[in-house]
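Worksheet for the structure shown next.
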C-alpha cells in the first residue's frame, strides 16, 4: 500500500508504492512515486539488513517526469534496487549476500528521499517507505531434512520430477536455489557434500557412491517421479554432475544443468581426487594488485589426455551449459568449447544447449540476486575475483534462470511448447 509522508520542501505529501510488495525472488516489482511536482529531484533507495547483521543498499537518482536515474545502477529499472545492492560504506570487505534461512523472507525497505543523495541516508528523513518481502519458498512448499547435510524441498503431496542440487567449492547447505525450484513445481534435494559435519570432524570426504545414494533416495521416494530426475551443478558441482551423468551405473538422468564449471578432472577420481588435482598447479594462481585471487587457470590448458576430462561423447542425456565469458574462477568457456568439440566428434552434440553471456562472471545466481564481483571464499579464506560487470551479469542471471526453467520443464515434464507458469500467489 502507498505510504505517504510529508516533507518540509514539497508542498504535497509524496506517495510511494511497490507492487507486488510480497513475491518470490524471481518476480519483478514496480516502483511508483506519486504527487511529487515536475522537476523535483528524488532518490529512491533500497536497504536490507542481512541475516549475518550486515547492511546493504542500492539507490537511483530521478528527476520527476524524466528518465535516467544515476546511482548504483543506470536506467529506469526498478529491479536494480535489488541486483545492485552492495554493502554500505565502511562495511567489512569481501561480503557476499546469501539467504540461509529459506523459511523467512528477504526484507527490503524501499524509500524515497528529496534531493540526489549518495550517502548518509540514516541522517535524512525519508518522504515515504515501503517494506518489501522477497520469498524463496512459495506457499505450500515444504522443507524436509533428510540427513544433517541433505535437505529436500517440494510443494504439496503430489508426485514431482526432481533435481539433485550441487553447489560449489564454498560448501555449506545452500537451500535457496532448491527452494525456488520447488516453488516452480520441481522437488529438489540439495547436498552439502564438501563441508558436512562428517568431513569437518574427520577430514573424510564423500565418495562417489554418496551421490548415487542420494539419487536412489529420490528415485524411490513416493513423492518423486523416479524416471524424471535431473542434476544441477554450479562450479565444483559441475564436475560431479558431469562425472555422475557419464560414468555412474546407478544415476540415470533425464537431463543435466551445469553453471560455471568444467569437465576437467581425473575421470576415475573422487571429490578428494578432484580437489587434489586442482591443487597441483598452484603456480597458475594469479593475484591482482588489489589482492584478489584468480583461480581460473588452475586446470589450464585443457588437457589432451582423456584420463583427465570427462568423456562427453558418452553423455546420453540433454545437457544445458551456462558460461559467463568473464568467469575468473573456473575456465568455464574453454571447457565448454572443448566439451562441444568432443560431442560434435562423437555425434551427440544435439544433446548440448550452450548459453554464453558476455561481461558475466562466475557466480550466476537466481534473478535479481545482488551482483558480487569479489568476496571472501571461506574454506581458504581468500578474497576471490569472480568477474563480471554489474548490469550485464544481472541480466545474464535473469535470462539464464528463465531458460533453465524452460529446459527443465521440457525434459522433466515433456512440455516442449509450454511456458513457465506463474508462481503461487504470495
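Including glycine, each Cβ sits where the backbone N, Cα and C put it.
These come from TrEMBL:
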DOMAIN    209-413  domain 'BAAT/Acyl-CoA thioester hydrolase C-terminal'
ACT_SITE  235  active site, charge relay system
ACT_SITE  327  active site, charge relay system
ACT_SITE  362  active site, charge relay system
Euclidean distance between Cα atoms of residue 362 (active site, charge relay system) and residue 327 (active site, charge relay system), Å: 5
Distance, residue 362 (active site, charge relay system) to residue 235 (active site, charge relay system) (CA atoms, angstrom): 8
Count of other CB atoms lying within 10 Å of the CB belonging to residue 327 (active site, charge relay system): 28
Residues satisfying Cβ distance under 8 Å from residue 362 (active site, charge relay system), sequence separation of at least 6: 235, 260, 324, 327, 328, 329, 330, 332, 386, 387, 388
Overall pLDDT of the domain 'BAAT/Acyl-CoA thioester hydrolase C-terminal' (209-413), taken as the mean: 96
